[in-house]
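Annotated features, as they stand in Swiss-Prot:
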COMPBIAS  698-709  compositional bias 'Polar residues'
CARBOHYD  N186  N-linked glycosylation site
CARBOHYD  N393  N-linked glycosylation site
MOD_RES   S13  phosphoserine
MOD_RES   S20  phosphoserine
MOD_RES   Y377  phosphotyrosine
MOD_RES   S665  phosphoserine
MOD_RES   S701  phosphoserine
REGION    680-727  region 'Disordered'
TOPO_DOM  1-68  topological domain 'Cytoplasmic'
TOPO_DOM  117-140  topological domain 'Cytoplasmic'
TOPO_DOM  244-251  topological domain 'Cytoplasmic'
TOPO_DOM  323-333  topological domain 'Cytoplasmic'
TOPO_DOM  472-494  topological domain 'Cytoplasmic'
TOPO_DOM  550-569  topological domain 'Cytoplasmic'
TOPO_DOM  642-727  topological domain 'Cytoplasmic'
TRANSMEM  69-89  transmembrane segment
TRANSMEM  97-116  transmembrane segment
TRANSMEM  141-161  transmembrane segment
TRANSMEM  225-243  transmembrane segment
TRANSMEM  252-269  transmembrane segment
TRANSMEM  305-322  transmembrane segment
TRANSMEM  334-355  transmembrane segment
TRANSMEM  452-471  transmembrane segment
TRANSMEM  495-513  transmembrane segment
TRANSMEM  529-549  transmembrane segment
TRANSMEM  570-591  transmembrane segment
TRANSMEM  619-641  transmembrane segment
Amino acid sequence: MPKNSKVTQREHSNEHVTESVADLLALEEPVDYKQSVLNVAGETGGKQKVAEEELDAEDRPAWNSKLQYILAQIGFSVGLGNIWRFPYLCQKNGGGAYLVPYLVLLIIIGIPLFFLELAVGQRIRRGSIGVWHYVCPRLGGIGFSSCIVCLFVGLYYNVIIGWSVFYFFKSFQYPLPWSECPVIRNGTVAVVEPECEKSSATTYFWYREALDISNSISESGGLNWKMTVCLLVAWSIVGMAVVKGIQSSGKVMYFSSLFPYVVLACFLVRGLLLRGAVDGILHMFTPKLDKMLDPQVWREAATQVFFALGLGFGGVIAFSSYNKQDNNCHFDAALVSFINFFTSVLATLVVFAVLGFKANIMNEKCVVENAEKILGYLNSNVLSRDLIPPHVNFSHLTTKDYSEMYNVIMTVKEKQFSALGLDPCLLEDELDKSVQGTGLAFIAFTEAMTHFPASPFWSVMFFLMLINLGLGSMIGTMAGITTPIIDTFKVPKEMFTVGCCVFAFFVGLLFVQRSGNYFVTMFDDYSATLPLTVIVILENIAVAWIYGTKKFMQELTEMLGFRPYRFYFYMWKFVSPLCMAVLTTASIIQLGVSPPGYSAWIKEEAAERYLYFPNWAMALLITLIAVATLPIPVVFILRHFHLLSDGSNTLSVSYKKGRMMKDISNLEENDETRFILSKVPSEAPSPMPTHRSYLGPGSTSPLESSSHPNGRYGSGYLLASTPESEL
C-alpha cells in the first residue's frame, strides 16, 4: 500500500479506525439514521444496487408543482375513449342503468388498482421495468410487457391524432368540405359523385377524401400521402412535447389537459340550445334496468374502467415516480378517477345533445322524402286520397302528421305496403343507431356540425380538442416507454426519445396505407386488451400475494403518514384479483366465440360490410398478443433457472451522505481496511436500533424471524414492522 495513502496515515495515527459495518453504523449521525437506507441483497430477494439507486433518486427530475402532476395524470387517463367509447357503451348497455355497474367496478377495481400503481411508482421511483424488478425479480418481465403494449398503442393512437390534424386544417373554409357531395363534370353534364350519393357527404369525405380506403385489409393500395404528412406532423408534435421529459411535457399539460374541458363546456352550452338536444339526452339516460342483469354489460363496463384509467401501460407508474415520497397518492387516485368519470359523463351529455339535434334533422329529412313518395303515389292513383287525414298539410308536414298518415296507409294497404317502400321515420330509430369510435368523431359529429351556425369555428374547436386529448394520452404512453428504458439502461434521454419517435413514424406507415384503417381496428381491438389484463392481474398478484398486502399497507403508512382504509386490503388481496381473472377469462372466451373481424368499406356498394380477418392477419394478431405477453414467462424462466442475474448475488451497504458502498462479497478475508469513516469516536451516536443493524452472511434479522420473511420490497429493504394487530 502506498505510504502516503489515507489508510497508512491513519494506521500510524491515534485516530479511531472502523473495523466493521457495526462500527460504521455506530458512527452515523442521528440525522443520517432517518435518511439512511440499509440494503442487504441476499439470496432470497436481491435488488438493484442501492448506491446507484440513491444517486438516481436524488438526481431524478420532479414535477414543478402538484397541479402539473395532476394535470399529467388527467391528460393521460382522459383520452379519446372518453369521447367516443363511453357514450356508445352507455347507449348500448342500458343508458342510465349502465352507470351503476360502471361505478361499482370503478370502486372495486379501478380506484384500488390505480392507487396501487401510483403507490409503487412513488415509493420505488422507477419506471415499470425497475418497479416490478424491484418488487419481484422473477416477475420483472411485467415492465417489459408494459413497454411493448405502450409501443403498440402509440403506433396506432398517433395515427388518430394525424386524422384529427387533417380535419383540423380542412376546417378553415366555408362551407366545410364535407357538407356537400362533390359534383363530377363531364363537358356540359354534371352529376353527383355516385359513391357519395349512395351514402352521405360526411361518410364519403371520411372514407374517400381522407382515408381513400381500399375494399379490404388484403388490398394495400399504397401509401396515402395526405395521411403520411399528417402522421409526420403528429409525431413531430409528440416528439417536441416529450423530448425533455417532464420538463417539457409538464408545461404542455397545462394546455392539453385543460383545453378539452373548455371545448366540452362550450359544446354543451351550444348543444343544449339546439332543437332536439333534450330528446337525445333523455334517450341517453333513460335507464333500461333489465340490462343490469346481462353479464356482457358488466364485462364491457369492467373493460372500460380498466382502459379509462390507463392501468398496466406504465404511464401511471412513470408519472408518479417523479413525485416526492410523502405525496398523498391516495388522494390523487380518488381525484383522478372521479375526474375521469365526470369527463365521461360530460362527454356523453355533449355527444347525445348533438346527436339528438342530428337525429331530429335526419328525421325531418326522412319525413320530407317519404311525403314526396306519397304525393307521387297519390298523383298516379296508386293510393287513394281518402287515406290521407283531412288535417294533413303536405306543405307544412310535421313528424306527428306523417306518423299518423303512415299508420293509416300501413293498415289499409297491408298486403301491398312493403312494395311502397315507405319508412316509419321514427326519432327513436335515429337515436338507436349506435355509433362509436371514428364513426362518431369523423362522420356523425362532423355531419351535425355542418348544421351549426358558424360551423367552421365549431369544427376547428372540436378537432383541436381531439388533438389535445390524444396528445395528453400520447405523452403518458411515451413515458411508459421512455422512463423505464432510460432508468434501466441509462441511455441518453433526448437521443432515445427522438429515436423512438422516428422509429414509430416509419413503423406507423403501416397505418397510413389505403388499408391502414383496418390495421388501426386490429391493433385497437386486439393488440392491447388481453395483454393489459394479464399485466394488471400479475401486478396485483406481485404486490398482494408475493410481496404481501400487510407489508405493502405498512409501507404506505410510512410513506403517506396515515394508514389507508382496510377496504384496500381486501380489494387488493381478494376482490380485484378475482375480478381481473374473470375479465381475462371472459376476454379469451370472447375471442374464441366471436371470430375477429372488421368493418370494410365497399366502394361499389357505398356501404360497410363486416369481414373476417384473413389467415395472415389472424397470424399477425396472434403474434401481437404473444409478443406483448412473452417477456413475462421468459424473464420468469431465466431467473428461476439462474440464467439471468437478478442482482441477488451481492451484499451491499449504501449511505446517502457518505455515498459509500462496497461489495462485501468481493472483500478479501483479512482485509482490515475495508470500511473507514473519517469521524472521531466522540462523535458517534448510540448504537442503531435492531431493525437497522447490519446483517452478516447467514445471520437472521428480527424482521425475518417474524411474520415478514422477506422484508419490505424483498429482503433488501428492511424497516421497522407495524404490529399486525393494527391492521
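Backbone N, Cα and C define each Cβ position, glycine as well.
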Counting Cβ pairs under 8 Å to the transmembrane segment (305-322), which of 69-89, 452-471, 495-513, 529-549, 570-591 comes out on top?
69-89
What Cα-Cα separation, expressed in whole Å, is found between N186 (N-linked glycosylation site) and the residue listed as 'phosphotyrosine'?
34
Test of understanding: give the count of other CB atoms lying within 10 angstroms of the CB of N186 (N-linked glycosylation site).
7
What does DSSP call N186 (N-linked glycosylation site) in the simple three-state scheme?
strand
Between the recorded positions Y377, N393, where is the Cβ count within 10 Å the lowest?
N393
How many whole Å apart are the CA atoms of N393 (N-linked glycosylation site) and Y377 (phosphotyrosine)?
16
Which range wins on Cβ pairs under 8 Å with the transmembrane segment (529-549): 252-269, 570-591, 619-641?
570-591
Close approaches to the transmembrane segment (141-161) from elsewhere in its chain (Cβ under 8 angstroms; 6 or more beyond its ends):
80, 127-133, 227, 231, 234-235, 237-238, 312-315, 438, 466-467, 470-471, 473-474, 477-478, 480-481, 484-485, 504, 507-508, 510-512, 516, 519-520, 523-524, 527-528, 531-532, 534-535, 538-539, 542, 624, 627-636
In which DSSP state, out of helix, strand and coil, do we find the residue listed as 'phosphotyrosine'?
helix
Folded-back contacts onto the topological domain 'Cytoplasmic' (244-251), same chain, C-beta under 8 angstroms, at least six residues removed:
61-64, 68-69, 72, 319, 322, 475, 479, 482, 493-494, 497
Long-range Cβ contacts under 8 Å made by the topological domain 'Cytoplasmic' (323-333), restricted to residues 6 or more beyond its ends, are 62-63, 66, 69-70, 73, 111, 114-115, 118-119, 121-123, 125, 556, 559-561, 564
